[in-house]
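Chemist: Sharing the record's features from TrEMBL:
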SIGNAL    1-21  signal peptide
DOMAIN    26-58  domain 'LRRNT'
TRANSMEM  246-274  transmembrane segment
Amino acid sequence: MSPPGRPRPLSLMFLLGMGMASERINCPSRCSCQYLEVNCTGQQLQEFPAAIPLDTRQLILAANNVSYLPAVELSFLADLVYLDCSKNLLGDDLDFTFIGVAKLVYLDLSFNNLTQVTFSTFSHLLSLVVLKISDNPNLVAIEKDAFANNTWLRHLDVSRTGLTFLDTSTVQDLPNLRFLGLSDNLWHCNCSFLDFITWMTESNVHFPDADNITCYTPEGLRALKMPAAEAQLHFTCLTQLYKRDYIFLCLVGFCIFFAGTTAAWLAGVCAIIYELHTSKGEEEEEEEEDR
C-alpha cells in the first residue's frame, strides 16, 4: 500500500506521461520543448513561432531569420524570464516590443541589425540583469537615458557595434553594473569622450577584452588603448590651447580693454563736466559778492 496522500507509482507515471504528451501537443512546429522551455535554434524560421505554451519561462530563437518580434504575442508569455534572439535579422523597430514581458531577466539580441537603442526599447524590463546587444554593426546610437529603468542590470555587452560615443551617464547611473563589454568599437576619442574614459579607469566595473578597447579616431590616437588615450586627452583638452581658444581669449581681452577704455573715458567726461559745473558755480558766487 502506498502512504496516504501520495499518488501510486502507476498514477504518477500516468500523470507524467499526460504532461509530456500535453507539452508535445503544445510545442510549436519545428521546435523542441521541455518543461517551461521552448528551443527553436537553427530552424530557419522566418517569423516568430506560433502556439508557444503560455507558461514558457525560457525561449530560444537563436540562429534563425526572424526580422520582427510581435509585441502582442510576446505579451502572452508573461512569465518569460529568458529570451535568446541572437543571430537573427531584427532591425531597429524594437520600441515597446518588450512591454508585456516585465519579468525578463536575460535578453540576448546579439548578431542582429539593430541601429539604435532608445529609452522606449528596454524601459519596461525592470528586472533585466543580462543584456547582450553586441555584434550589431549598424548600431550607431544609444540614448543616454536608454537604461534608466534597468537598475538591476549587471551584465551589458555592446562590443563590436558601430558605436563611436557613449554618454557617461548611460552606464554610470547603473548601481549594479559589474560587466561592460566595449571592445572593437569605432570610438571617437575627442574631448567629449574624456569623461567616459576617466570613468572607465576609476570605476569598479570589469571590462573584458580590455586590450581591444581602443580609439578609432582621430588618426593620431588610432589603436591607442583607453588608459593611454586618457593621458593624451588630458594634455590635449585641459592644457593645450587650439587656434579657436586663442581667438576667444583675444576677443575677451579686446572686450575687457574696450570696456575699460570706455569706462575711463566716461569717468573723465563726468569729471570734466563736474569741474566745469563747480567752477561756474564759484564764479557766479564771486560775481554776487562783488555786487
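Note that Cβ sites are derived from N, Cα and C of the backbone, with glycine treated the same way.
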Chemist: Over the domain 'LRRNT' (26-58), work out the mean pLDDT and round it to an integer.
Modeler: 95
Chemist: How many of the residues that make up the domain 'LRRNT' (26-58) does DSSP mark as helix, as strand and as coil?
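Modeler: Once the DSSP states are binned, the domain 'LRRNT' (26-58) shows 1 helix, 7 strand, 25 coil.
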